[in-house]
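Here's the structure, in structure tokens; my notes come after.
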Amino acid sequence: MSRVFAYCRVSTLEQTTENQRREIEAAGFAIRPQRLIEEHISGSVAASERPGFIRLLDRMENGDVLIVTKLDRLGRNAMDIRKTVEQLASSDIRVHCLALGGVDLTSAAGRMTMQVISAVAEFERDLLLERTHSGIARAKATGKRFGRPSALNEEQQLTVIARINAGISISAIAREFNTTRQTILRVKAGQQSS
């Protein structure tokens, strides 16, 4: 007979897994206390690196069932979640996600659901990258500068270029402006590329 386990995770110590436990009970699952793993750890940590999840994997056997309230309990992103579900499926452990109607993620329908979710996540990631690149290009076109401010203002940079053209050493110029040689070399390189 299949044993039923539950994995509940929250990100901070101020949060509680109580709502997740109640949701699992309301769905009709009576989880024994020793089969309920509760963890306070950031969702940005891969499931394979979470102490509680590792303990859960050590306790589970072929034919067991794992219940989670939401997919994000199983990993930090779509790829991590898929890897976790595949790892569990390879051990013949079924995974049910209540937020997806209790579908078994290791079944054909569950795998299809996972593929759709992965595709949507990839699409969202691509859109975010596209918007980021577009925003950077727009900012550059309006003259926005990126990075930290220059150590030397425009007037100082013009003086540095004049000193370089006069044959004064880079080290002497750096000492004069109380800055690094690298800063003076950057001013020189910027002047040469203009």
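Quick reminder: no glycine exception, Cβ is built from N, Cα and C everywhere.
Predicted, not measured: the structure shown is a model, and the values here were computed from it.
As given in Swiss-Prot:
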DOMAIN    3-143  domain 'Resolvase/invertase-type recombinase catalytic'
ACT_SITE  Ser11  active site, O-(5'-phospho-DNA)-serine intermediate
DNA_BIND  170-189  DNA-binding region
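Residues of the same chain lying 6 or more positions beyond the ends of the DNA-binding region (170-189) and with a Cβ under 8 Å from any Cβ of it are 151-152, 156-157, 160-161, 163-164.
Helix, strand and coil counts under DSSP for the domain 'Resolvase/invertase-type recombinase catalytic' (3-143) come to 78 helix, 22 strand, 41 coil.
Each residue of the DNA-binding region (170-189) gets a DSSP state, and the totals for helix, strand and coil are 16 helix, 0 strand, 4 coil.
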